[in-house]
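Heads up, the thing below is written out as structure tokens.
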Amino acid sequence: MALVPCQVLRVAILLSYCSILCNYKAIEMPSHQTYGGSWKFLTFIDLVIQAVFFGICVLTDLSSLLTRGSGNQEQERQLKKLISLRDWMLAVLAFPVGVFVVAVFWIIYAYDREMIYPKLLDNFIPGWLNHGMHTTVLPFILIEMRTSHHAYPSRSSGLAAICTFSVGYILWVCWVHHVTGMWVYPFLEHIGSGARIVFFGSTTILMNFLYLLGEVLNSYIWDTQRSMEINFISMGPSS
């Protein structure tokens, strides 16, 4: 039996994201006042994705609790739709986008933080909030993947969805540059147009890879657990 029920963990994680979003939006940074506001940044978009995802998880838990034993077929159908939406969001958005944000941010930060998170931001964003946006996303999503099985969509539709998201965000970043003359991320100012095309293409490929990684990881976790349960049952009670 788990030390903390997964339903309680989801509520706690959802409240954490709500706190992070509220504190982030309360910060008066110049970039928040320019074209696109906070929605220019993938980190903020990811926080919204994670909050919505865990909100759906909590709603699914509540619906499951309320419909348990009711025998109402319509409620059960609605619950199945909610579970399908939850699983789709984890597969297509929460896992690949969340892991992408954490991995890419800290890799660029370790190479040269001025390219992704200038020291000037330390005057606006406290350290705990930075880690809330760029670090805890990974363990939170891994906890969710470990505590509950999620049915992935067909590979073709899943990859098509994550490609659409990736290309859509790239076009949004390019549009912001077209309107303002400034790139959302400082390092894009220091590389040529050819290098930008390579970078944007690489990020789309990486997003696809992370989708496949999530699919493999989800299968590994739950196939392994099923094998352990089958072995335990086949062994029977010890004498």
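Just so it is clear, glycine is given a Cβ too, placed from its N, Cα and C backbone atoms.
Because the structure is a prediction, the values reported are computed rather than measured.
Nonlocal intrachain contacts for the transmembrane segment (42-67), taken as residues 6+ away from its ends with a CB within less than 8 angstroms of a stretch CB, comprise 7, 10-11, 13-14, 17-18, 20-21, 24, 75-76, 78-79, 82-83, 85-86, 89-90, 93-94, 97-98, 100-101, 105, 133-134, 137, 140-141, 144, 148, 169. According to TrEMBL, the transmembrane segment annotation covers 42-67 (among others).
Per TrEMBL, the feature transmembrane segment maps to 88-108 (among others).
TrEMBL lists 128-145 (among others) with the feature transmembrane segment.
Here TrEMBL flags 157-178 (among others) as transmembrane segment.
For 198-221 (among others), the entry in TrEMBL reads transmembrane segment.
Residues 42-43, 45-46, 49-50, 52-53, 56, 115-117, 134-135, 137-138, 140-141, 144-145, 150, 152-153, 158, 161-162, 165, 187, 203, 206-207, 210-211, 213-215, 218 of the same chain, all 6+ positions outside the transmembrane segment (88-108), place their C-beta atoms under 8 angstroms from a C-beta of that stretch. When Cβ-Cβ distances below 8 Å are used as the criterion, the transmembrane segment (157-178) is approached by residues 35-36, 40, 42, 45, 91-93, 96-97, 184-185, 188, 200, 203-204, 207-208, 211-212, 215 of the same chain, each at least six residues removed from its ends.
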